[in-house]
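Written out below as structure tokens is the structure these notes cover.
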Ligand SMILES: Cc1cc2nc3c(=O)[nH]c(=O)nc-3n(C[C@H](O)[C@H](O)[C@H](O)COP(=O)(O)O)c2cc1C
């Protein structure tokens with residue numbers, strides 16, 4: 001049977017992966033309420049299509065941080081792609097390059113940054129940082145990413161500690177035994193240490209530390225995991241260039257708002273002074289359209305990328321992205337939007353359900 005939507009990839013990936021790996025990818029914190037609400041919240045929003053607008057040509061291209069992408073659908077940072085496919089992040093990078101979108105590479109990538117860049121030299125990539133307690137290690141990682149051509153630094157702010165993921169505890173998941181996190185060690189150590197400890201994420205980082213990051217890199221800084229107007233206003237004040245509204249796919253603090261429900265508050269607070277993006281629960285072209293209508297410049301997709309990888313490697317990721325792009329084009333055509341710039345809040349309504 002052909003795989004025609006992201007749900008098809010989800011079902012097929014589940015068949016391919018071990019229970020422990022499936023649980024790690026699919027899993028969420030505590031009761032998984034926010035993970036499920038990320039999806040349900042999109043379904044509470046209704047569309048208001050406009051007709052008779054000559055939609056014979058529809059253009060999904062847009063820009064993020066001034067860089068062109070073929071559609072406002074990019075890849076969220078996720079660690080450990082080698083769990084889903086042997087080539088891991090190298091396959092993901094090739095698929096992103098072929099599709100013309102941005103791939104945010106995680107600190108916890110299972111391939112080195114150099115191997116990822118070599119696999120897809122002309123792809124647009126941003127680097128996601130989990131701030132490490134060792135300042136010098138942060139500096140080395142950021143400057144290495146910058147010299148390798150990564151175009152933005154995404155600092156994840158919602159992991160001062162790892163959320164309570166019951167399934168991983170039950171499964172006794174031990175990622176550090178399975179994978180080499182090569183980027184977190186010096187080149188010498190990278191070759192000599194067979195398995196290394198996953199380093200802790202620094203819980204002491206605060207707003208005033210951002211100026212240090214700004215002093216060591218030219219890259220625009222994007223904060224990932226902001227959910228409130230208070231933090232959005234602080235991001236503007238600290239000269240951050242973008243925000244990803246995200247609850248980490250429901251993997252951190254359970255019972256926070258669905259990403260799409262938090263979006264409007266953040267968009268309103270920043271008053272157009274920086275770009276706002278969203279991740280969490282994007283599964284169809286309609287979801288992308290709704291996020292853009294509510295003010296996101298672009299969306300990032302998480303788990304479905306790993307489903308694509310698990311099913312067919314690089315080609316699976318490409319198929320997942322192309323399905324979403326095609327669905328977005330259809331959604332735009334059926335709502336009367338010829339370009340991404342024409343997607344606005346008049347396209348959505350929130351009925352009392
Ligand atoms: C398996 C997995 C690993 C992840 N690893 C990271 C990571 O290394 N860094 C990060 O900032 N977010 C990470 N995330 C969160 C994603 O970037 C993103 O916020 C989330 O998956 C979006 O929700 P979605 O899966 O519903 O699309 C991870 C998510 C998953 C599912």
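Placed from the backbone N, Cα and C atoms, the Cβ positions cover glycine too.
Going through 165, 166, 338, 352 against TrEMBL, the one listed in the glyoxylate site together with 248, 251 turns out to be 165. Other residues of the same chain near the glyoxylate site, with their Cβ within 8 Å of the Cβ centroid of 165, 248, 251, are 27, 28, 29, 162, 163, 249, 250, 252. If you take the Cα of residue 79 (FMN binding site) and the Cα of residue 248 (active site, proton acceptor), they are about 12 angstrom apart, rounded to a whole number. Residue with the densest Cβ environment among the binding-site residues 156, 246: 246, by other Cβ atoms within 10 Å. Put simply, of the recorded positions 165, 248, 251, the one whose Cα is nearest the Cα of residue 282 (FMN binding site) is 248. Mean model confidence of the domain 'FMN hydroxy acid dehydrogenase' (1-353) amounts to 94 (pLDDT, 0 to 100 scale). Of all the recorded positions given, namely 165, 248, 251, those whose Cα is no farther than the 10 Å limit from the Cα of residue 156 (FMN binding site) are 248.
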